Amino acid sequence: MLFKQQAWLRQKLLVLGSLAVGSLLYLVARVGSLDRLQPICPIEGRLGGARTQAEFPLRALQFKRGLLHEFRKGNASKEQVRLHDLVQQLPKAIIIGVRKGGTRALLEMLNLHPAVVKASQEIHFFDNDENYGKGIEWYRKKMPFSYPQQITIEKSPAYFITEEVPERIYKMNSSIKLLIIVREPTTRAISDYTQVLEGKERKNKTYYKFEKLAIDPNTCEVNTKYKAVRTSIYTKHLERWLKYFPIEQFHVVDGDRLITEPLPELQLVEKFLNLPPRISQYNLYFNATRGFYCLRFNIIFNKCLAGSKGRIHPEVDPSVITKLRKFFHPFNQKFYQITGRTLNWP
């Protein structure tokens, strides 16, 4: 009887030991892959924090990919927040636009960087009078938890075209960094139309064809009252921003290139934000089914953008496309001149 009990005990210990070793190997593989993918950047010199790299180890990235999510959902106690030195910071950079330029893709890709924490939702603080009236503390409380050495980034594409926004952001932080992601103006306008059209179709509502909206039927000229066209006149909106911020505080991201060659564009943004280069080609892989790049955080966690990305655009009369591109051309040239970035749009 004693022999049987000892044999049973040895068997149980063997099973438990195997499970423990397996769990340990899994943990080592996971943490090792995270460290290899995104080693923590030496951010103490960049943002003036007191921590050294030794004091700011892999745990920051682990929290960023896991526990920070719990804090974001409000599942953390005040003691946990205090224990991990977590704070809700005002953004040090904002993606201000442009709608249908790739703002969501840019935000998600920048979130690959271990020193970046993104606001998950569009907050619409500066463009919405009701939200703005709630005050800056309300806005800060909408931000995700982060370490003091990390930077928070939010995006609300309506900011770029809303008249009151530049002054409001200036009053919050006159030295903030501003990201503008743009696409070829005619393509962006058609994408804008496509999103609205899809919403109408879901509600079984009829909607005019793009050609009828973009071209004034009375004059046969481009209809600048149509919002999708007006939004694509980038230089008109940028000039309003330049009344408050110098051009050095803006960085233009090529949204068309971000689709086909994301890494070079992300590296330019890292440089603009004074971030050490941490996003690599390993973080980005092409999904042939979806037709665009997806994100690889580590060997376990991958992420593709929502299915609404990469919508099929409707066929548009080539003569209308030609007319629109001719209309946008002088505005594009001025945009290149102001920003110092030539995008070679047709």
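Cβ from N, Cα, C; glycine included.
The 3'-phosphoadenylyl sulfate binding site annotation in Swiss-Prot covers K100, G101, G102, T103, R104, R183, S191, Y293, K309, G310, R311, I312, H313. Annotation for K100 (3'-phosphoadenylyl sulfate binding site): spatial neighbours P157, R183, R188, S191, D192, Q195, criterion Cβ-Cβ under 8 Å with sequence separation of six or more.
Annotation note: C294 (disulfide bond) sits in a strand segment as assigned by DSSP. Packing around C294 (disulfide bond) is summarised by its Cβ count: 16 other Cβ atoms lie within 10 angstroms of its Cβ, all protein chains included. Residues or ranges marked as disulfide bond by Swiss-Prot on the basis of similarity to another entry: C294-C304.
Per Swiss-Prot, the feature topological domain 'Cytoplasmic' maps to 1-12. Taking the topological domain 'Cytoplasmic' (1-12) as a whole, pLDDT averages 52 in the prediction.
The topological domain 'Lumenal' feature in Swiss-Prot is assigned to 33-346.
Residues or ranges marked as transmembrane segment by Swiss-Prot: 13-32.
Across the fold, the C-alpha of C304 (disulfide bond) and the C-alpha of R104 (3'-phosphoadenylyl sulfate binding site) stand 11 Å from each other. S191 (3'-phosphoadenylyl sulfate binding site) counts 18 other C-beta atoms within 10 Å of its own C-beta, drawing on all protein chains shown. A gap of 14 Å separates the Cα atoms of G102 (3'-phosphoadenylyl sulfate binding site) and C294 (disulfide bond). Neighbour density at the Cβ, taken as the number of other Cβ atoms within 10 Å, is lowest among the binding-site residues R104, H313 for H313.
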